[in-house]
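**Student:** Reproduced below are the annotations present in Swiss-Prot:
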type: DOMAIN; residues: 1-54; note: domain 'ClpX-type ZB'
type: BINDING; residues: Cys13, Cys16, Cys35, Cys38; note: Zn(2+) binding site
type: BINDING; residues: Pro122, Thr123, Gly124, Cys125, Gly126, Lys127, Thr128, Tyr129; note: ATP binding site
Amino acid sequence: MARIGDGGDLLKCSFCGKSQKQVKKLIAGPGVYICDECIDLCNEIIEEELADADDVKLDELPKPAEIREFLEGYVIGQDTAKRTLAVAVYNHYKRIQAGEKGRDSRCEPVELTKSNILMLGPTGCGKTYLAQTLATMLNVPFAIADATALTEAGYVGEDVENILLKLIQAADYDVKRAETGIIYIDEVDKIARKSENPSITRDVSGEGVQQALLKILEGTQASVPPQGGRKHPHQEFIQIDTTNVLFIVAGAFAGLEKIIYERVGKRGLGFGAEVRSKAEIDTTDHFADVMPEDLIKFGLIPEFIGRLPVVASVTNLDKESLVKILSEPKNALVKQYIRLFEMDGVELEFTDDALEAIADQAIHRGTGARGLRAIMEEVLLPVMYDIPSRDDVAKVVVTKETVQDNVLPTIVPRKPSRSERRDKSA
């Protein structure tokens with residue numbers, strides 16, 4: 001654009017006026033020039049505006065009742081767990097916002113500490129799905145990790161920092177966004193130490209992993225290898241602060257109910273003690289009476305339990321709940337398969353007793369809600385194989401006999417159209 005200097009051949013930035021000799025790069029456009037410094041400044045302004053736009057105002061943060069209501073649309077039952085999670089998540093993100101806005105000068109400075117969550121309950125009862133649904137609602141990065149793959153640093157297996165890499169990847173390598181995400185660590189009961197007493201031999205996949213997780217659970221500046229795997233001194237690291245990352249750790253904790261019952265039963269010993277029969281102890285929610293001492297006896301170390309102050313337990317799903325899971329949620333399995341059949345121009349129908357039979361099979365197999373899809377696949381496999389090759393099927397009806405006795409679903413033929421009838425008569 002404008003030229004300066006005696007020779008008239010020295011270009012300058014159209015925005016800041018610096019000459020091409022004063023900057024590293026000068027980029028030409030149709031009638032204008034812009035320098036690298038102005039480009040950097042523009043990028044900084046855009047990033048600041050995007051960051052401001054991403055900040056959720058406190059009055060926009062969903063209230064616990066709204067979080068629970070959202071979960072109701074996807075997860076059947078587990079009311080106590082929903083309430084516990086809703087309050088814990090609300091308080092967690094309220095704490096983050098309080099830190100970003102700074103302390104109110106009218107109040108005494110109070111540091112709000114993080115409350116990670118421990119979820120207990122049998123397999124197939126909705127622990128993972130609850131956490132996934134929460135992350136979807138809040139629109140935050142979410143990562144799932146398997147505790148059984150982790151080992152103490154220096155041994156074969158994954159370092160605990162690889163959990164953080166999954167979160168960073170879920171945030172498209174936006175570290176700032178990842179720092180307010182949710183990490184779900186499953187199968188945490190499998191890293192319990194082998195006995196209640198500390199071992200003199202090194203337990204690299206049990207107690208060693210618990211020790212390694214302590215810092216990132218509490219909040220630390222972690223160095224994460226960008227490609228995963230083991231650390232080595234000649235690679236660059238991604239730095240991430242885990243102070244505002246919410247950790248939800250979960251496990252089935254098979255055998256913990258016996259430890260709880262053993263402790264609760266001891267209350268009946270001695271004069272004047274309250275005697276409780278087995279029938280009086282809540283067996284529908286095995287973990288309703290869990291205490292830190294039970295978890296320590298199970299094999300979790302006290303320091304690990306101390307970093308998981310919120311405990312949410314899920315219960316075994318009964319037949320009624322499994323039937324509701326099949327048909328009521330927004331993405332229920334029955335609705336999914338009806339949609340699949342619609343894409344082939346066929347109507348799919350399940351009778352009420354067919355849904356009950358599917359629920360009975362899931363209970364018999366002990367797989368909970370996770371096993372419902374496998375049963376549906378087994379029941380519908382023959383017709384899903386045949387129907388795409390046929391054009392004479394209008395409707396498929398799945399009955400109780402289809403599920404229990406391996407009878408083929410009832411096929412309702414399609415009535416021929418007028419043109420087809422005309423062609424046949426001709």
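Backbone N, Cα and C define each Cβ position, glycine as well.
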**Student:** Consider the binding-site residues Gly124, Cys125, Lys127 and say which one has the Cα lying nearest the Cα of Cys16 (Zn(2+) binding site).
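**Tutor:** Checking each of Gly124, Cys125, Lys127 against Cys16 (Zn(2+) binding site), the shortest Cα distance is to Lys127.
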**Student:** Among Pro122, Gly124, Gly126, the binding-site residues in question, whose Cβ has the most other Cβ atoms within 10 Å in this structure?
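**Tutor:** Compared across Pro122, Gly124, Gly126, the most Cβ atoms within 10 Å surround Gly126.
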**Student:** Considering every residue in the domain 'ClpX-type ZB' (1-54), what is the mean pLDDT value?
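**Tutor:** Across the domain 'ClpX-type ZB' (1-54), the average pLDDT comes out at 77.
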**Student:** In the same chain, which residues outside the set Pro122, Thr123, Gly124, Cys125, Gly126, Lys127, Thr128, Tyr129 have their CB within 8 A of the centroid of the CB atoms that define the ATP site?
**Tutor:** Gly121, Val314, Gly368, Ala369, Arg370
**Student:** Report, in whole Å, the straight Cα-to-Cα distance of Tyr129 (ATP binding site) from Cys38 (Zn(2+) binding site).
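**Tutor:** The separation of the Cα atoms works out to 47 Å.
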**Student:** Whole-number Å only: compute the distance from the Cα of Cys13 (Zn(2+) binding site) to the Cα of Lys127 (ATP binding site).
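**Tutor:** Cys13 (Zn(2+) binding site) and Lys127 (ATP binding site) have their Cα atoms 58 Å apart.
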**Student:** Among all the protein chains here, how many other CB atoms are within 10 A of the CB of Thr123 (ATP binding site)?
**Tutor:** 18
**Student:** Hey, which of the binding-site residues Cys16, Cys35, Cys38, Cys125 is the loneliest by Cβ count within 10 Å?
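**Tutor:** Lowest Cβ count within 10 Å among the binding-site residues (Cys16, Cys35, Cys38, Cys125) is Cys16.
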